[in-house]
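Comments concern the structure below.
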Amino acid sequence: MGPKVIGADTKQIHQSAQGGYPQGGYPQGGYPQGGYPQGGYPQGGYPPPGGYPPGGYPPQAGYPAQPGFQPGYGGAGFGEPAGYPGPGQGSLGEDGDVKGFDFNEQSIRKAFIRKVYSILMCQLLVTLGFITLFVFHKPTQMWVQRNTFMFWIAFAVVFICLIVMSCCGNVRRQAPMNFIFLGIFTVAESFLLGVTSSMYDGTAVMMAVGITAVICLTLTLFAMQTKYDFTAMGGILLCATVVLLLFGLIAMFLPGNRIVTLVYASLGALLFSIYLVYDTQLMMGGSHKYSISPEEYVFAALNLYLDPMGYVPPQSFGEDGHMQGFDFTEKSIRRGFIRKVYSILMCQLLITMGFIALFLFHEPTKRWVAQNNYLLWVAIAVLFACIIAMACCPDIRRTAPTNFIFLFVFTLAQSFMLGVVTSIYSVSEVMMAVGITAGVCLALTLFAFQTKWDFTMMGGALVAASMILLLFGLIAIFLPRNNILTLVYASAGALLFSLYLVYDTQLMMGGKHKYSLSPEEYIFAALNLYLDIVNIFLFILTIIGASK
């Protein structure tokens, strides 16, 4: 078998979880949740996916691949890794015919749905019990406040359980092991929610519980009755998740105010409502284009419980080279592709450095931007529009000059936002971050070219780590601000996106690696690497700022 090439309809937009958790006025809202697909990671400049978790993300075993996407992802930008296995190749969802199993058969489908909702009900009851205890029992509240280490233990348990269930098919499919891990995960997650809820008034928490119950019931009934097929929306949802993460990152540099919080929380509630419909239809099967294997009842329940983290849609801009009648291992084609990608990337980085220098050294520009902060929101909107367009429309990202126009507009918007962020730091801090980033990225690129290890197989683990990092940032909103927390978060982010840089570099290289990018996807390849470098820079800048 030749390498899987990320092409026509596959690859995510990736990585965009960026440095530092939101500070000051932190936007609130849900965080992406659920099981993570494995395989190559599509990054859609973002997903395989996360404007950022990143660029494309890799899907996991048991899910059917979605249109234009393959398992693998993309973080962070935020996308998922490209080159995910398609249906019947280890995804969490699959085509019934591939398995010799017709999931449309009513009795099997109904039994599967009953099992999923039974598990989900038990999870919700446990969570509600924890929330009630933490909100109304004062001694418990005080005990948790005195023993904050319990919070970190619970967080670590959530992380470990998600990674294990994402990467080990036997763990999530075989009883009683799957129930044991799900039970431990639910208890740890419920503890985290209890700690968070204890910081709000009891009336506000109960009101939120009631509204959530009504909304979820309505959306579930809608998902079961509507003729619209939401299971084909995986790529768009992933892009929206990345942009929401980028919004949260940028918001940390804005003055804390309720408007930012309300906008962020409202967008998050809307996005995760669509995820609930999406995951419900994946579970239903029937006439929908994609469905979850009946073996994945634990993951189906986890998806609904932790929407949207429970399911990272298969995406990728990658494909099997043999299906296209093209062998990307041919050296002249591969080398020409790599030269084109790095030429585009160099132009992007030069533009970005120009913006950073202007905002850093030109005081009139710095004051003008501070007086016209609406421009930041315009830049975010432009970024969002460009990512969605390039992720969902193959002709836009593959046809010149349209692809270059969209990439140029995206780069300008991203550079403007980076200029705004860096203007908050001192010149010495920014220059130090630039130098360290350059050294780290050069070393990682050389390592990716020389190492015998194949990092294109790490898509699932990278996506899971991206989601955990996002959860970490959201939880940090409710903790006292301190430099240690910032350093831990930023260090973890810098490490994660360093791995993403190696991953995306090897996806671009092709050759002996299991997954690779289609030569048509030079724009997305450059975008993935650009967003990796941007994320590393922001995390390093956060580390330097916190250490001082």
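Every residue, even glycine, has its Cβ placed from backbone N, Cα and C.
TrEMBL lists 1-64 with the feature region 'Disordered'.
Annotation comment: TrEMBL describes 21-43 as compositional bias 'Gly residues'.
Taken from TrEMBL, the feature compositional bias 'Pro residues' applies to 45-57.
Remote same-chain partners of the transmembrane segment (116-137), defined as residues 6 or more beyond its termini with a Cβ less than 8 Å from a stretch Cβ, comprise 144, 182, 186-187, 189-191, 193-195, 197-198, 200, 202, 205, 209, 283, 297-298, 300-301, 304-305. TrEMBL lists 116-137 (among others) with the feature transmembrane segment.
Marked as transmembrane segment by TrEMBL: 149-167 (among others).
For the transmembrane segment (179-198), same-chain residues at least 6 beyond its ends with a Cβ under 8 Å from one of its own Cβ atoms are 119, 122-123, 126-127, 129-131, 133-135, 141, 144, 150-151, 154-155, 157-158, 161-162, 164-165, 171-172, 205, 298, 301-302, 305-306, 475, 478. Annotation source TrEMBL lists transmembrane segment at 179-198 (among others).
Annotated transmembrane segment per TrEMBL: 230-253 (among others), in sequence order.
According to TrEMBL, the feature transmembrane segment maps to 259-278 (among others).
What TrEMBL lists as transmembrane segment is 341-362 (among others). Within its own chain, the transmembrane segment (341-362) is flanked in space by residues 369, 407, 411-412, 414-416, 418-420, 422-423, 427, 430, 434, 508, 522-523, 525-526, 529-530, 533-534, which lie at least six positions past its ends and keep a Cβ under 8 Å from the stretch.
Annotated transmembrane segment per TrEMBL: 374-392 (among others), in sequence order.
Among the features that TrEMBL reports, transmembrane segment is placed at 404-425 (among others).
As annotated by TrEMBL, transmembrane segment applies to 431-449 (among others). Sequence-distant contacts of the transmembrane segment (431-449), counting only residues of its own chain at least 6 positions beyond either end whose CB sits under 8 Å from a CB of the stretch, comprise 353, 356, 425, 455, 498, 501-502, 505-506, 509, 532-533, 536-537, 540-541, 544.
Positions annotated as transmembrane segment by TrEMBL: 461-478 (among others).
According to TrEMBL, the transmembrane segment annotation covers 484-503 (among others).
Annotation comment: TrEMBL describes 523-546 (among others) as transmembrane segment.
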